[in-house]
Amino acid sequence: MDFDFSEEQNLLRDSVERFCADGYPSLEARQARTREPMGFSEANWGKLAELGVCGLPFSEEDGGFGGGAVETMIVMEAIGRNLAVEPVFASGVLGATAIRLGADSDQKARWLPGLIEGTTRLTLAHTERQSRYDLHDVATKARREGSHYVLDGQKSVVLNADSAGLIVVSARLSGERRDRHGIGLFVVPADAPGVTIEAYPTQDGGRAAEVAFANVAVGADAVLGDSEDGLPLLVRVAEHGIAALAAEALGSMSALHALTVDYLKQRKQFGVTVGSFQALQHRAVDMLIALEQARSMAIYGAMMVDSADAAERAAALSAVKVQVNKACRFLGQEAVQLHGGIGMTMEYIGAHHFKRLAMIEYQLGDTPYHLRRVADDGGLIAA
Amino acid sequence: MDLRFTAEEIAFRDEVRSFCREKIPAEIRRKVSEGRGLGKDDVVTAQRILNARGWAVPHWPKEWGGQDWTPIQRYIYTEELLQAAVPLPQQFNCYMFGPVLATFGNQAQRERFLARAANLDDWWCQGFSEPGAGSDLASLKTKAVRDGDHYVVDGQKTWTTLGQHADWIFCLVRTDMEAKKQRGISFLVMDMTTPGITVRPIITLEGRHEVNEVFFDSVRVPVENLVGEENKGWDYAKFLLANERTGIARIGLTKERIQRIKRLAREMPSGAGSMWDDGDFRGRVAEVEIELKALEITQMRVAAKQGRADSVQPDPASSLLKIRGSQLQQAATELLVELAGPFSLAAPARGGGGNNPPGGFDWVDAAAPSYFNNRKVSIYGGSNEIQHNVIAKGILGL
Ligand SMILES: Cc1cc2nc3c(=O)[nH]c(=O)nc-3n(C[C@H](O)[C@H](O)[C@H](O)COP(=O)(O)OP(=O)(O)OC[C@H]3O[C@@H](n4cnc5c(N)ncnc54)[C@H](O)[C@@H]3O)c2cc1C
């Protein structure tokens, strides 16, 4: 067993941390980024690309950096700790994983250079009005017309769609709305005729959009893998997404816990620091326990996300999401409470961590959803 | 022992219920129900309708517009307002300033302020907390120094709820710098337009302008604005906290939220059906309902006891209501976010002029802000930690 980072991994961590320290020196700087037209700084995105973050998961022969789940974890933890708003999750994790695992060599040759350089950004459009967290619940239709596919439907809460060049869309070629078979993943240019993007800010300082597809025609070369059996690929993308969210949550929770402990040591009431009250000390300790449990599960997620056993992988990533979600809620609420009024304000960075952590709970499956999946699969311990 | 309301109480309940639903504009009640911010006008409109019926300040002394209601009637009244999503009468006017002035103010002050407060002709705000004085309120530093027939006030208040709307502020100020903590504090009211008062907004985490900092720079306040005796302000503040004991748990508010969640759950697709078909979700809602039923009975036990005793000391049992009541208000907002699920990410200020709400659900963008904002209820009015201390000391003798 080895829980240490390699030398390269330490280097990566240092450079990403340095990027964040430069790009996110203060809450004001972060808030200014969220107000830019795309919701983040294009220049910062360019710097991330230079650091290799955009090409991180791609193999060296594909022109990437040959990073794995641990490298993604390192990057996402820094993103979370600094509340960075560049679309690393939407593009570098969700979009890039779909391409990495689903694209053939021609498609890679077409998309990878732009992706790795950071000139093309991706996102994943999977949520629909009725789907909640079920990846296989797809009402968006695809039909074959000659050598083309034509897409029709609506996707909701598509992250960073307004700054993406390519949208990976799940659409149904055959079967009923909730069938597991008949779903394809299509790579659609965001400016293709018939694509409408209605963008909005998200609660946590990010951006998302409602995306409509009306008679959108794409070539056969837009399909990732099997056009009627794309669900396993989509599931894998979501699993990588969960591993990444766990790492992001971990970074954010560590920062929030540190802020809280600091505040308890500084804030004086009744002539003493509030941290001298045992009632609050115990709360801070329980937060630490939740944080460390979440850290362990984030590591577990990174280790399991490339496992060859699909059932084992699914159970593991659902377990990760349950544990991390619970920690997000507990730590976030406790942090606000222990700060008193100051924790309730936009002017305090801790409140922004609280909001981001609250929203992570509802991305790629909430606690009851994943808890049920773990339970339905017989739990983690063989009877 | 009988847990049922009497026939008269039921008749009273029905009267309040139909009044709320028929007379308070539906648009205002919709905003309350959806957790969208109310404008000053909305609050004023609703309160004037209640006041015209004699129901804005039922707990005040009769000569100042109050009603001779039993504690159970008061309880019914508050709960019916909350359940109908009627904005409660402006709390600083009706539950804080009014009762203090009616009890400790002089006749001239009562005549000058009370009727206007009841009708919300004047909007009052509460200037107690300071940057250095939150839970430890008695350590407040804002001082008022006597200069002829004026006090000169210097200092700062913070977290002043809706101070941006206020015509008047009631403050705790230090008038005796030598006396020990609680002793040198007075209860002083100020016209917000007095030179030297500035208000700076604080935006709360869900993005609304709900609280403020208020600065006092050599503000000259006539001595007739002192309420009660100089240096007795702490007693009046304690009376103020003790005053509104019924309704502190906001059970009706949580009930209304749960009813709404049940309604919305039937329209929120999940799996092959709706969220309401999900037994686990229904179970989580039921858990809150059960806890709420228990609290409702606890609250009525406290109210019935109050019918007998009449103390100006806060009843430690009201701390229990505050703790569990705030937790349940918060639990209901958590269920609402769970219901909104993936769509809860969308923020209210939808860019691009979109008339296309996330997933087609026009309420989901207000779910997370309501959850965020409700974190305050376990912080203000004496944080839940302080309430635990009150119970430990006052009930358990620890
Ligand atoms: C939205 C909002 C609106 C408000 N509106 C008003 C208003 O209109 N007027 C007004 O005067 N005030 C208002 N307040 C202020 C409110 O009353 C204070 O926030 C509250 O008293 C807590 O004080 P604080 O924020 O300074 O926290 P602190 O007192 O600094 O507390 C920090 C933490 O320490 C804990 N703590 C403190 N002392 C102890 C102890 N002895 N034992 C254990 N734990 C302890 C607290 O519970 C909290 O968790 C408002 C606050 C908020 C958030």
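Going from the start of the chain as shown, residues are counted 1 onward.
Cβ atoms are placed via backbone N, Cα and C, with glycine included.
Automated prediction, rather than curation, is the source of TrEMBL annotations.
Under the heading domain 'Acyl-CoA dehydrogenase/oxidase N-terminal', TrEMBL lists A:6-118. Residues annotated as domain 'Acyl-CoA oxidase/dehydrogenase middle' in TrEMBL: A:124-212. Among the features that TrEMBL reports, domain 'Acyl-CoA dehydrogenase/oxidase C-terminal' is placed at A:229-375.
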Could you put numbers on the helix, strand and coil content of the domain 'Acyl-CoA dehydrogenase/oxidase C-terminal' (A:229-375), residue by residue per DSSP?
122 helix, 6 strand, 19 coil
Counting by DSSP secondary structure, give me helix, strand and coil numbers for the domain 'Acyl-CoA dehydrogenase/oxidase N-terminal' (A:6-118).
80 helix, 0 strand, 33 coil
DSSP helix, strand and coil counts for the domain 'Acyl-CoA oxidase/dehydrogenase middle' (A:124-212)?
3 helix, 47 strand, 39 coil
